[in-house]
Structure formats: C-alpha cells, structure tokens
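Structure first, then comments.
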Ligand SMILES: Cc1cc2nc3c(=O)[nH]c(=O)nc-3n(C[C@H](O)[C@H](O)[C@H](O)COP(=O)(O)O)c2cc1C
Ligand SMILES: CCCCCCC(=O)C(=O)O
C-alpha cells in the first residue's frame, strides 16, 4: 500500500458527488428509506426478540486489539487461498436468498460485482434467478452453490448436480435452517417472500422438482416449495450421501459447536462456516465470533473456517481473522448496497469494507492476513496485556 493509495481511500469518498452511506447504520437507514416495509423488515430483522442479532454485535465489541508498531507496514498482503485458488481479499459474499426483493437485477448484479472484485459468489437455493442464469451472467466468476436440503432428497441431489454442471466450484450446505426461525417482523408485515415468487429461480428450472407438481400453475409451485424447503430430518447420513454424489468440496454453514465441527471433519466435510445465520434462525444463540475460538481449536487447521454474522466493518473482519478464521462472509451490508445502487452499490460496500480492513491490518502492526494471527487481542472484561 503506497502512501498515495492510502490517502486515496478516504479522498475518493469525500470527493464523491452524492455520498454513498459508509457505516452500517447509515446503509441500513438508507435502505429503510428506499425499500417497502415488507422487504426491508425481512432483510433487517432477526428471529424472536433479536438477542442473537445483538449477541453478534456484542461479541465484536467485546474484543480489542493491542497494536504493535515500528514494523514496516508499507506493503500489505490481503490475499487468501481457499480450495487451491488465491483471492485478493478475505471478504466474500454470504449466500442471501431472493435478491429480487432488493433490486430487479437481483443475483445477476451481485455475481457481476463478485466477478469484478474477483471474490467468490455464493448463490442461494432460494434465489430469484436460477443457477444457470447466474452462470450465464458471469461465466468466469468463482461461484459456489448454497444448498437447502429438500424433503424430497432427489431435488437436493438434482440441484447439486445442476450446480456442478453449470460450473459452480463448491457446495455450501446450510444446516441451521431445517425450518424457518420465528420471525416476528414478517408476521407483523404479513410478508412471505416465497409466496411472492422471489424464490422461483432454481425451482422452476429444476426438472425433478417440476415433475413432482400436479400442474405448472403459480399456486402449485408455491405449495411445492413449501412442502420441500423445510427439512427437519436432515442428518449426517444425508451429508455422507451428498458427498458420494458430488465431486465438489462441501462446506457446512451454520456450525457453532466444536463437537459438530469435529463431526463435520469426521464425515469428510471440506470447510466450515461458523454462523448463526445473521441472528435469523434460533434466537438466544451465541454470537458467531464468540463461537469461533473453540471451533478453531477443534478444527486445528484441517479445513478452512469462514465466519459470518455481524461483520459490518473492516475492523470486525480483522478480529475474526485474528481469532483464526480464514475468511469472512458479508450478508446484510451488501444487500443494502444492492438495494441502493445495484451492482455499483454492492461494489461500493465491499470496497469500503476492504479499504477499512487494509488500513486496519497496517495500523494493527501486521503485514498480511496470515500475520494477523500473531496480533494480540484482549477481551474488554480483561485489561491485562500479555
Ligand atoms: C435477506 C437474507 C436472506 C438470507 N438467505 C439465506 C439463504 O438463502 N441461505 C443461507 O444459507 N443463508 C441466508 N442468509 C444468511 C446469510 O448467509 C448470512 O449467514 C447472514 O446474513 C450473516 O449475517 P449478517 O447479515 O449479519 O452479515 C440470509 C440472510 C439475509 C439477511
Ligand atoms: C427454510 C428456508 C427458507 C429460506 C429462507 C431464506 C433464508 O435463509 C433467510 O431468510 O434467512
């Protein structure tokens, strides 16, 4: 990072004509003004009384960095390696469903941003556009597929096979959403995105799913999705079978307990995403950053660990990386960027997070993502620095 490049980070925002919101609070406020109450409430809210949502932020606030100085930090290497490929930044896109409710171009805008930024894009099962449409929009982007299991297992296998055929490079199986969390905001707003057709993309393009419907009417599609999307019987045996049926690496998303991380490895899983779904599933759950250290210890470097839930600043990413995550994924911030300015908004949000992360690595006294592991962190209830 040269001095000029570093000075540019703030200047480019100061010179911008209509300042784009920078902090998470400002982004959320701007999205609230732009979107209707239903979609905004769906994106913003957490489950139940939103304790998990608060726990995520509290966990980041609890840690402080003890920086080191007089270490040449003129060159900062923010690159990371995952599954044999190198990426310029440890900030990836979390899988977020139904992007059509934020912007007409939905997932197409996000995958184009991912391609431009050269970071992996994780497409949700419940996306507005299909796997094939997303692959067509950005054939050269690195794309992973987030799979929601299905009560009819053949639909899950069919979607995994379609992802592989369309050039997706990994499967992210979400394990914390076997049924939908208790989301009071959606009940208040009488908002059901599935019933509004925002999740059509992958279902209406799936021959196995379509063959289960009595006809091709919209009502049959909605009933079909509702019958299949909730999958409370999901078990380790399903995961072993999925592993037998795909050549792609499989990551489990939603792991919070170190024993589940160990079981994941014992069952041949290739990566772990420490996440509480951004506080949208079980309320009263440990903040994802608080769950990270025990999982890092249990995994002991055997597979990559990615963290999400509450990463709203470059500094949050730094703390997760310093505690042992290999990368972090970003959820709501990019969705707000998408709502505000499509692909450009997504890129602005990710670039601002990146710029803050890069400056923070240098100011903490490290020169690379890897070197962050040597940075001292203290919990705020402890004041002793070793
Ligand atoms: C509107 C919305 C939709 C989401 N849809 C999915 C999804 O389809 N699949 C999934 O695994 N996670 C989904 N998530 C959870 C994200 O992948 C991620 O875990 C979460 O957003 C991280 O928290 P953050 O928003 O605080 O960054 C969704 C999150 C939001 C906000
Ligand atoms: C049981 C799956 C419903 C999909 C909801 C999408 C999602 O993960 C979220 O809203 O969060």
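If you go along the chain as it appears here, the first residue is 1 and each next one adds 1.
Every residue gets a Cβ built from N, Cα and C, even glycine.
Nobody curates TrEMBL annotations by hand; they come from automatic prediction.
According to TrEMBL, the active site, proton acceptor annotation covers 277. Using a 10 Å radius centred on the Cβ of residue 277 (active site, proton acceptor) and all shown protein chains, the other Cβ atoms total 23. In the three-state DSSP scheme, residue 277 (active site, proton acceptor) is classed as helix.
Non-local neighbourhood of residue 280 (glyoxylate binding site): 45, 46, 47, 181, 183, each in the same chain, at least six residues away, with C-beta under 8 Å from its C-beta. Per TrEMBL, glyoxylate binding site is recorded for 42, 148, 183, 277, 280.
Counting only same-chain residues at least 6 apart in sequence, those with a Cβ under 8 Å from the Cβ of residue 253 (FMN binding site) are 95, 146, 172, 173, 174, 175, 176, 273, 275. Here TrEMBL flags 95, 96, 97, 124, 146, 174, 253, 275, 331, 332 as FMN binding site.
Per TrEMBL, the feature domain 'FMN hydroxy acid dehydrogenase' maps to 16-382. Mean pLDDT, taken over the domain 'FMN hydroxy acid dehydrogenase' (16-382), works out to 97 on the 0 to 100 scale.
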Quiz item: When you measure from each Cβ to the nearest atom of ligand 2, which of the binding-site residues 42, 97, 183, 253, 280, 331 fall under 6 angstroms?
Solution: 97, 280
Quiz item: Counting only residues 6+ apart in the same chain, whose Cβ is under 8 Å from the Cβ of residue 42 (glyoxylate binding site)?
Solution: 101, 183, 185, 186, 189, 191, 193
Self-check item: residue 183 (glyoxylate binding site) in three-state DSSP notation
Solution: coil
Exercise. Check the Cα-Cα distances from residue 277 (active site, proton acceptor) to the binding-site residues 97, 148, 331 and tell me which is shortest.
Key: 331
Quiz item: In angstrom units, rounded to an integer, how far apart are the Cα atoms of residue 331 (FMN binding site) and residue 148 (glyoxylate binding site)?
Solution: 17
Quiz item: Do you know offhand how many angstrom separate residue 97 (FMN binding site) and residue 148 (glyoxylate binding site) by C-alpha?
Solution: 11
Quiz item: Residues with Cβ closer than 8 Å to the Cβ of residue 148 (glyoxylate binding site), same chain and 6+ apart in sequence?
Solution: 124, 125, 126, 156, 174, 177, 229, 231
